[in-house]
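Pulled from TrEMBL, these are the features on record:
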- 5-26: transmembrane segment (TRANSMEM)
- 46-71: transmembrane segment (TRANSMEM)
- 83-104: transmembrane segment (TRANSMEM)
- 110-134: transmembrane segment (TRANSMEM)
- 294-320: transmembrane segment (TRANSMEM)
- 326-349: transmembrane segment (TRANSMEM)
- 361-380: transmembrane segment (TRANSMEM)
- 443-462: transmembrane segment (TRANSMEM)
- 483-506: transmembrane segment (TRANSMEM)
- 512-532: transmembrane segment (TRANSMEM)
Amino acid sequence: HLGSVIAYFTSAKFLLYLGHALSTWGDRMWHFAVSVFLVELYGNSLLLTAVYGLVVAGSVLLLGALIGDWVDKNSRLKVAQTSLVVQNSSVILCGVILMIIFLFKTQLLTLYHGWLLTLCYILVITIANIANLASTATAITIQRDWIVVVAGEDRSKLADMNATIRRIDQLTNILAPMAVGQIMTFGSPMIGCGFISGWNLMSMCVEYLLLWKVYQKTPTLAHKSAKVEASELKQLNVKKESDMKPAEGVQLIIEKDVTGFEPQQEKEVGCAARIAEPFITFRDGWVAYYNQPVFLAGMGLAFLYMTVLGFDCITTGYAYTQGLSGSVLSLLMGASAVTGIMGTVAFTWLRRKCGLIRTGLISGVAQFACLILCAISVFMPGSPMDLTVSPFADISARLFENEPLPTIASPEAEMIFATGMPNLLNGSIAPANSDPEMSPEPVPLVSVSLLFAGVIAARVGLWSFDLTVTQLLQENVIESERGIINGVQNSMNYLLDLLHFIMVILAPNPEAFGLLVLISVSFVAMGHIMYFRFAQKSLGKQLFVCHTPDPKAAPDSSPPGNTSTV
């Protein structure tokens, strides 16, 4: 027994988990802290935080395909180590610059009429954005490629590993911001900067060693399919693979060691061609994504990002307007983490019983059924919905209002700042009954209770569905395209996420929030309809025939057009 325990703790799988936990912990601390720092620096205004959020989202949207292409074209170890070093070095540098700004802000304000301070702000946002892009590359290579290779041919092992990775994400989402929040509360923002810089320096060294160990323990990581030319990719994508299984499709590609891979011939490339290359890669990435057999499933997942029904800054702000306290919100956040973990457990159980594609269908139905509660809440007592109120009133005032924010170091602050976007409900963020002398009768909590009950319960289906689509992409995208396809998938997710913030900017009043809820439920429904269409193409008449699949063969995860489905 002792031997098996030691074997597990030294296995590639556990080392991968440990590396991911360290990486995610540092990521979550930084994403929380950088937004708080930007608010502190700009006199409790959300302007810098809003700019940071838009820059981050826009960069991933535009560069997702290029990052994925870079992941595909280079060896696994080089990609993982480079993105790790760039990400952590950027965070350390940002931390140092922020410490300098906090120490010498008064002097910087007087130099060159404050332009030097503005330059420092631009520098911080730029470097933080580089760190986020490197983090995206790390997520693509580790969560979409390394994990598939470490799992080998065992798809049940892959499902378990995906679920464990998500559980780590859920826990760090809650615990990391709470930890750094306490440090900043009992210390100062400058101490917080120093702690995060020190953490990332230590974490980078440990993660680098863990990556090397995983690479050594998994020899197959050294072999990577050679990048196929764009013309061949198009033929491969368009072609119906009705005479082969997905695994056979992958095996047809010649395995080569990318570390020793050299281009067949060096061609003279003109300046114009070099300039055009990123644009061609961008176009080819999106075309390849569209031609994927799992395109509809990926689009279905992306549509779930067009929603206000999550614990982000928008919903948190709305909760404050309805009289919920910070302590209640932190409890609700904890409950959402628990249901999220339950979703990962449900995914592994359902996949064993019904197969991968049917798991996505069941998860979708479960999520949508829970969100019906949110739709009902719009019409219940206590709902402020009033479409006669103009949604465009005082938008500029709401965006740039300089009122103090709710306690920054409280547990719920992670959700206020995690997305790096402005709380557009800031103009009315204090609960209506905060002043006992001035406030009217307390707002009935029936509506807001139903809303959050639906949001929390829907997390089970949401995370199970997310894992289903993740594994479909892992299993059905050929190895040489994993990076670029997952890069485009990230871009799609960010695009729909941006649209949801634009939607809130257009209707920021609490009176219009009910309309946003109904639009969100509609988008979730559209996403699951897309997935249903994908499942229908894949399984045909056997769509509703539940069976226990061979865990290694996973026959129901074949792409559309595959007639070998049992």
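Cβ from N, Cα, C; glycine included.
Remote same-chain partners of the transmembrane segment (326-349), defined as residues 6 or more beyond its termini with a Cβ less than 8 Å from a stretch Cβ, comprise 159-160, 162-164, 166-167, 170-171, 173-174, 311, 316, 319, 359, 363, 406-407, 410-412, 414-415, 452, 455-457, 459-464, 467-468.
Between the transmembrane segment (512-532) and the stretches 83-104, 294-320, 361-380, it is 294-320 that has the most C-beta pairs under 8 angstroms. Residues 30, 34, 38, 41-42, 48, 51-52, 55-56, 59-60, 63, 67, 83-84, 86-88, 90-91, 93-94, 97-98, 100-101 of the same chain, all 6+ positions outside the transmembrane segment (110-134), place their C-beta atoms under 8 angstroms from a C-beta of that stretch.
Beyond the transmembrane segment (361-380), the same-chain residues lying 6 or more positions past its ends with a Cβ under 8 Å from any Cβ of the stretch are 300, 309, 343, 346-347, 350, 354, 446-451, 453-455, 457-458, 460-462, 464-465, 468, 514, 517-518, 520-521, 524-525, 527-528, 531-532, 535, 543. Listed by sequence, the residues of this chain that lie at least six past the ends of the transmembrane segment (5-26) yet keep a Cβ under 8 A from its Cβ atoms are 84, 88, 91, 138, 142-143, 146-147, 150, 157, 161, 164-165, 168-169, 172, 175-176, 196, 199-200, 203, 206-207, 210-211, 213-214, 217-218.
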